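The structure under discussion appears below in the form of structure tokens.
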Ligand SMILES: Nc1ncnc2c1ncn2[C@@H]1O[C@H](COP(=O)(O)OP(=O)(O)OP(=O)(O)O)[C@@H](O)[C@H]1O
Ligand SMILES: [Mg+2]
């Protein structure tokens, strides 16, 4: 159908102003489509990075048998409910074996055990309450990215060393190489050397947390061979609920995906995604309506020609083809122009990791450029179908009499 | 080349339905041989265009039959009819109706290109020859919109000849032209008829045009009132 293509091309070329305007309109819609995709994607990425960057995607703990709540009814005690225990459990035994099991689940990227306890850090007169975390040496930065947040020293922990946040260091007047005493709630004490100071920008971690090697934590907390939780990072953040469910079902452990601990964030991300989707759908509807109405005018204006073409042997299919192709060409041209425009306009934006407060987090990589071009061409083709069909069905006699 | 070209039997055409129905053709029958040049004469509104459109397979009769080259054209489907008129029928309308975005040469090539799916070199050569025949060689690359009325009509005639049709239906081909241009167009049609034996059915209410045909069919009140051969 080379000849039909030539005809479509001529038609578009015969009204260059109208064609340019149509293409520009489509390009604008495509630009909005890509911009919205890039912005929503970038915003989600930034939020996730800021909020979840230093959290586990899935947290695995020993099952916590719920406590029975018994209520006296007619002289007997009846089970009314089960309530989660508030006292810390003893933790998971045999963590090495669990680690291997968990690492084998598809989608699991990193496995890192953690032992939690509480106490105070004491230096001279000054005392500060802290949460103590025991981390596996070599995997200190597996969940919380200390490696990206060090102000002084290193994030690697050796026996008897401690990592603390900038605020806490300032409060206690500590610097790298200085000693500090940790006293656990159980009364045990240990003297630690500061190996590194970090700034994560997260209040709790920067001012009330201390990180020590696993063995040190197990000793001072009197939990030999045990860990509180095993934390996981996944290949796909959004697979967390599914992976968590799978792990819980096959291990019987207490498994919590980030979507539960950060339900609000998860909801916000979803709402944001839906808003973006609505805007994108409207951008596409604009394309479809614009092209359909423009082609309706075109086919109306060309009624006489259509009649003549039919008289001289153009089949209905030929007419249909010509006008559908016109729509498709406008869609494709507008899609490409809009994509180019978007690429040019969005590429100066910094990568999400470097976005400063007040800057738009735009991730061109999430702009769905290919999808935008494809959808626009498809939408334009479908939009052209109706007027093209009407043109193909014109009664040649009536059309010629115009 | 002689023999039966077109046969029209008891053709009726009714526009509309019920109270507003217009019975335009009320049983029209006649036949045309190959190579004839026939004038179709009648007052305005007598049904000339209606009849030509039916013969050209652009519309269907309400009843009756039309056969051309032995093929029944009243029952064939749209695709068959489209293909049939592309091969065997040429049209010349009162208002030339060239494709405005195409050059004179491209317009002449249209009937061939739309069948082949592309503009063949052979077709281009033939279109150029036809344009030369109608005296428009130098205008071959002009857009339709850049031609005068008489020139457009001559391009339209060349286009009608493109696929070497056996019959050309011309609906008041000179109706929109001044006398000089009208006579020029008739000279052309006469020459084509003589040289290539193409059959013509030309509707007109101009006696001078009719006088140049070898036969005149008069339509009046929906029926054929007279059908006479004449020596031009
Ligand atoms: N689509 C239509 N619907 C209803 N009536 C029609 C239609 N087309 C034509 N007619 C009527 O049929 C009659 C014949 O029209 P037609 O165009 O065939 O006449 P004509 O002989 O070609 O006239 P003219 O010399 O003015 O071109 C007229 O009365 C016209 O009003
Ligand atoms: Mg008429």
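Quick reminder: no glycine exception, Cβ is built from N, Cα and C everywhere.
Any TrEMBL annotation is an automated prediction that lacks curation.
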Expected hit for transmembrane segment in TrEMBL across A:256-276, A:277-297 is A:277-297
Secondary structure of the domain 'ABC3 transporter permease C-terminal' (A:281-396) by DSSP, residue by residue, totals 92 helix, 0 strand, 24 coil
Over the span of the domain 'MacB-like periplasmic core' (A:19-249), how high is the average pLDDT in this prediction?
88
